[in-house]
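In what follows, a single structure is set out as structure tokens and then discussed.
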Amino acid sequence: MKRVLTALAAALPFAAHAADAISGAVERQPTNWQAIIMFLIFVVFTLGITYWASKRVRSRSDYYTAGGNITGFQNGLAIAGDYMSAASFLGISALVFTSGYDGLIYSLGFLVGWPIILFLIAERLRNLGRYTFADVASYRLKQGPIRILSACGSLVVVALYLIAQMVGAGKLIELLFGLNYHIAVVLVGVLMMMYVLFGGMLATTWVQIIKAVLLLFGASFMAFMVMKHVGFSFNNLFTEAMAVHPKGTAIMSPGGLVQDPISALSLGLGLMFGTAGLPHILMRFFTVSDAREARKSVFYATGFMGYFYILTFIIGFGAIMLVGANPAYKDAAGALIGGNNMAAVHLANAVGGNLFLGFISAVAFATILAVVAGLTLAGASAVSHDLYANVFRKGATEREELKVSKITVLVLGVIAIILGILFENQNIAFMVGLAFAIAASCNFPIILLSMYWSKLTTRGAMLGGWLGLLTAVVLMILGPTIWVQILGHEKAIFPYEYPALFSISVAFLGIWFFSATDNSAEGNREREQFRAQFIRSQTGFGVQQGRAH
């Protein structure tokens, strides 16, 4: 049992490594012209899609949700494209390359939040909401306060995630293409703004679908070539890997990377519940016509992602055999050229030559663009729909709301570029963990309880939600990553690296206590309205479908 618990604990802290995959030491590579040419082909193609989409974006619904006309299969691919990052592709395969079996457990950690979304979130979210998850949270509660809280939670998560992605983009492109870091960051920012500004959700969706297809194809080809090398025998794969790896048979044992079980559990909870609170993921469920398609979206997305993470495991072991044992991929000191995070890239060269290496490098860049486009649209919708149209200027026309959304896209893009450049040499690994912690501590409790707990009131949601958000931020600042490593203090005030275990508890307890003790007339009215909301969430009665959505 102890061994099982250790393995489960090891499955949880993936996000720190995923962030490190794009924020660690980077050795700039020679200019890769094949990769640049393939990437330019991708850019031209996706800009063509953006132009096509811009001709079909005629309303607010078209811009935010692609008119609600995306199918479950298409949306599943887009969700997978939005969630599968370059960090997971390079980082998890690098982890398998260095640590073996632990990499498989880590990769499974990516999936633990999706059953929650499938069984608890997707159907009710689609039946109750229109454009953002704040539509659901405020369905029977006070619009103003709840939308402000939801928008703040969304914007903080988007900002943290976006900074981490932009810094990672610059480092990764410097690593893969040999381009200057600043040029890479500006290029990602400009393309991101163009996709979202002109094409809205329709262009963003197709960029994510294309990226997912390319990534799945590339990873499948690499895994196929690795298995072909060992006669399609997993026994041969593991035997050959153990024979050449410095750790020998130890790479087949789990638990070698666990240092602090509390931090591991905390990060795992942040990942599990944070996935169900990520605004750019939740927004995707409004692009389909009904709850049935929303469920199908999660089903397909989970299948695609599960398949992808199995491939990264094979790729990692293939890299042990074909890259780790090949001196052509080592520098004078015997280390992997470009660092361990180049393991999958070197394997692409080993199994497919320079042309396939260029393809995989271009796919890694496309992966970043797909993720940041989704983040930007989620942030823009929080400002324009939740804050502008429903709080500060109620009754604003669709045209005014879309204008504000597009201005927000430009502002977010410029801020992302500036912060990406400013944070070039900073430790941004903590930002991914903090983004998940805030999503889990603020967004997720409010979404879940607003849909399932009849006694929830505005007072409880506001106080509990703000407590969860602030607790996550304060504990992260006082923890070892920021307080010691960044601010330079000798000892951390909060001893654990990730705060989600504590901040989620504070959020749920706060929401329960302040709702249970709310005896106001407004609170009683909100409780009475739960039955009507419940019927709507179960039946979808009154939900608009398709282009009318």
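Quick reminder: no glycine exception, Cβ is built from N, Cα and C everywhere.
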Which range is it, out of 241-261, 262-282, 325-345, that shows up in Swiss-Prot as transmembrane segment? 262-282
Thinking of Cβ pairs under 8 Å, which stretch from 148-168, 183-203, 303-323, 404-424 has the most of them with the transmembrane segment (464-484)? 148-168
Given a Cβ distance threshold of under 8 angstroms, which distant residues of the chain, six or more beyond its ends, lie next to the transmembrane segment (77-97)? 14, 17-22, 70, 103-104, 106-107, 110, 165, 168-169, 172, 205-213, 215-216, 219, 280-281, 284, 287, 297-298, 300-301, 304-305, 308-309, 312-313, 315-317, 319-320, 323-324, 340-345, 347, 364-365, 367-368, 370-371, 374, 432
